[in-house]
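*Asks:* Submitted below is the structure of interest, expressed as structure tokens.
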Amino acid sequence: MAHKLLNDTFLRALLRQPTDYTPIWLMRQAGRYLPEYNATRGRAGSFLGLAKSPAYATEVTLQPLDRYPLDAAILFSDILTVPDAMGLGLEFVTGEGPKFVRPVRTEDDVARLAVPDIDATLRYVTDAVREIRTALTDAQGRQRVPLIGFSGSPWTLACYMVEGGGSADFRTVKSMLYARPDLMHRILDVNARSVAAYLNAQIEAGAQAVMIFDTWGGALADGVYQRFSLQYIQQVVSQLKRDHGGEKVPVITFTKGGGLWLDEIAETGVDAVGLDWTVNLSKARERVGGKVALQGNIDPSVLFAPPASIRMEARAVLDSFGNHPGHVFNLGHGISQFTPPENVAELVDEVHRHSRAIRSGAHAPA
């Protein structure tokens, strides 16, 4: 599959096909733990200056690949580009994170929401996808690794849109959810249609897999999650292009704190489910029964440990999954900005080394 790809291990793993080793990429792999990223961000002048420049986005997307033999690149962007395109006025305040100038709080605010014109408002993202694909490809037309596109989930975007930024307790958005579920469903429907259009635009531009980040799904109660997050993830997935240019485009979804709902998430039509570090990978594999691939799920804090400990914990994750197709190694959440870059090299090397040993029979998982 994926002709001209020098390394298609990641895509094959997502489709539960046999691979010679377990592929690895890291959430937030292009980020502040890398000095070269910080240098580029300094030149860009701000985070938004970085994210909205296809040239800078391409530069930082490739930085971790130049350091480590990772098996996929992920578009450098931010999940809040979609509500920004809806006119909410995204700002990044130093020390406070993202803020929206015009949060969605009233019935009138909700009534004004509409699916943005992706080509007009988010062209910088699709341009970045095209530029990254070009930068990943050599003079002979051979691409190093696949490129992942992504978006936030409808619910996670709604959290930021209603709260006006990050939140410790989601009081404002949950108040709306329980007091005015009609308004919340309207927001989520607009978000779902927007996310589907956005991801399809990324696929058309050259993204070879896409991921839906449901970062705050785990903040919801059982039963509420299904109605206000999972239902809308399924709506997005049902609208996605699953083939482009004769190749399958796998879809991954990740609900942080969503281990409780693994069986239901696996029924949404996605190809792979991301797991955080609280989930037992062996039991998760048994639960989904080969229906989907699994991605994850080492604790990002392991990367603060000495190299021997990092390697031991990586082996434990690989042994837990065992010698089966359908595993993409990743962190259970995004990499910390305080991670020593040299420790990432230890992790990537051990994942490749130990998974090859498992495949060859030189090491039998417990």
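The backbone N, Cα and C atoms fix where each Cβ goes, glycine too.
Positions annotated as substrate binding site by Swiss-Prot: Arg28, Gln29, Ala30, Gly31, Arg32, Asp78, Tyr160, Thr215, His333. Per Swiss-Prot, the feature site 'Transition state stabilizer' maps to Asp78; the stated evidence is sequence analysis.
Tell me what's around each of these sites.
*Replies:* In the structure as shown, the Cβ atom of Ala30 (substrate binding site) sits within 10 Å of 25 other Cβ atoms. Secondary structure from DSSP puts Ala30 (substrate binding site) in coil.
Around the Cβ of Asp78 (site 'Transition state stabilizer'), a 10 Å sphere holds 18 further Cβ atoms from the protein chains shown.
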*Asks:* Count the other Cβ atoms sitting within 10 Å of the Cβ of His333 (substrate binding site), across every protein chain shown.
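*Replies:* So the Cβ neighbour count for His333 (substrate binding site) comes to 21.
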*Asks:* Quick check for the class: what is the C-alpha distance, in angstrom and rounded, between His333 (substrate binding site) and Asp78 (site 'Transition state stabilizer')?
*Replies:* 15
*Asks:* Do me a favour and check the Cα-Cα span between Tyr160 (substrate binding site) and Asp78 (site 'Transition state stabilizer'); whole Å is fine.
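*Replies:* About 12 Å separate the Cα atoms of these two residues.
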*Asks:* Please classify the secondary structure at His333 (substrate binding site) using three-state DSSP.
*Replies:* coil
*Asks:* Please state whether DSSP places Asp78 (site 'Transition state stabilizer') in a helix, a strand or coil.
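*Replies:* Reduced to three states, the DSSP call for Asp78 (site 'Transition state stabilizer') is coil.
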*Asks:* Please determine which of the binding-site residues listed here (Arg28, Arg32) has the lowest count of neighbouring CB atoms within 10 Å.
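*Replies:* Ranked by other Cβ atoms within 10 Å, the binding-site residues Arg28, Arg32 bottom out at Arg32.
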